[in-house]
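Each remark here refers to the structure printed beneath this line.
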Amino acid sequence: MAKQRPATLSVYLYIPNIVGYMRVLLNCIAFSVCFSNKTLFSLLYFFSFCCDAVDGWCARKFNQVSTFGAVLDMVTDRVSTACLLVILSQIYRPSLVFLSLLALDIASHWLQMYSTFLSGKTSHKDVKDSTSWLFRLYYGNRMFMGYCCVSCEVLYIILLLIATNQTENLMNVVVKSLMQISPLSLLLALSIFGWSIKQIINVIQMKTAADVCVLYDIEKQHKKP
């Protein structure tokens, strides 16, 4: 008699993955009103971002960690940030600043994921063998990583909210906002600091991942007869 396969819950219906679908839906609604209602957009976008921590907690709590869930999580994060950066590039000048940030974000994370598969690691956050102390600190300390990630999103949301014209000079708006002594200026300063660290991490991540790819090519050539 053939051995019956155990009944298992479809990976697509894992609780953390359902949370991921909700994040996608929230982002779709948010970006549909990003120009007509910036306050609603900010609330929906930030709530979706906060749910990023919820799906990770659910995955560990219910033992529903999956490769699909990890990919869905990263793709949702990258696409959400990319869309917001594109919007900011239409509001602020020079727009190349935000397009460059978009390129760095996508390139660094894509290379990191690809190098993870090449090295046989199970997670792109496994950087114990990295020579960069800042890189190890970032992925080894959840609080520090959370601060940097939240800072990026908060900074981008603030920039969207304080823009009053269709085209703004980025430096003028940032300097003017920082000069005003207020809770907003303090939040902006804290966000800029965390954002700066995150961009440094992205550069280190891209270089480290590129080194892994190059090393893989060298080792493959040496194995050839």
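Cβ from N, Cα, C; glycine included.
Per Swiss-Prot, the features are as follows:
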ACT_SITE  Asp77  active site, proton acceptor
BINDING   Asp52, Asp55, Asp73  Mg(2+) 1 binding site
BINDING   Asp52, Asp73, Asp77  Mg(2+) 2 binding site
BINDING   Gly56, Arg60, Ser66  CDP-1,2-diacyl-sn-glycerol binding site
TRANSMEM  6-26  transmembrane segment
TRANSMEM  29-49  transmembrane segment
TRANSMEM  84-104  transmembrane segment
TRANSMEM  143-163  transmembrane segment
TRANSMEM  184-204  transmembrane segment
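Structural mapping of features recorded in Swiss-Prot.
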residue: Asp52; record: Mg(2+) 1 binding site; Cβ within 10 Å: 19
residue: Asp55; record: Mg(2+) 1 binding site; Cβ within 10 Å: 24
residue: Gly56; record: CDP-1,2-diacyl-sn-glycerol binding site; Cβ within 10 Å: 17
residue: Arg60; record: CDP-1,2-diacyl-sn-glycerol binding site; Cβ within 10 Å: 10
residue: Ser66; record: CDP-1,2-diacyl-sn-glycerol binding site; Cβ within 10 Å: 14
residue: Asp73; record: Mg(2+) 1 binding site; Cβ within 10 Å: 19
residue: Asp77; record: active site, proton acceptor; Cβ within 10 Å: 18
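Stretch with the largest number of CB pairs closer than 8 A to the transmembrane segment (29-49), among 84-104, 143-163, 184-204: 143-163. Through the fold, the transmembrane segment (143-163) approaches residues 34, 38-39, 41-42, 45-46, 49, 53, 81, 84-85, 87-88, 91-92, 137, 170, 173-174, 177, 184, 187-188, 190-195, 197-198, 201 of its own chain, all at least 6 residues removed from its boundaries and within a Cβ separation under 8 Å. Beyond its flanks by at least six residues, the transmembrane segment (6-26) meets 44-45, 47-48, 51-52, 54-56, 58-59, 62, 64-66, 68-69, 72-73, 76, 80 of its own chain at Cβ-Cβ distances under 8 Å.
For Asp77 (active site, proton acceptor), the nearest of the binding-site residues Asp52, Asp55, Gly56, Arg60, Ser66 in terms of C-alpha separation is Asp52. Cα separation, Gly56 (CDP-1,2-diacyl-sn-glycerol binding site) to Asp73 (Mg(2+) 1 binding site), rounded: 9 Å. Cα-Cα distance from Asp52 (Mg(2+) 1 binding site) to Arg60 (CDP-1,2-diacyl-sn-glycerol binding site): 13 Å (rounded to the nearest whole number).
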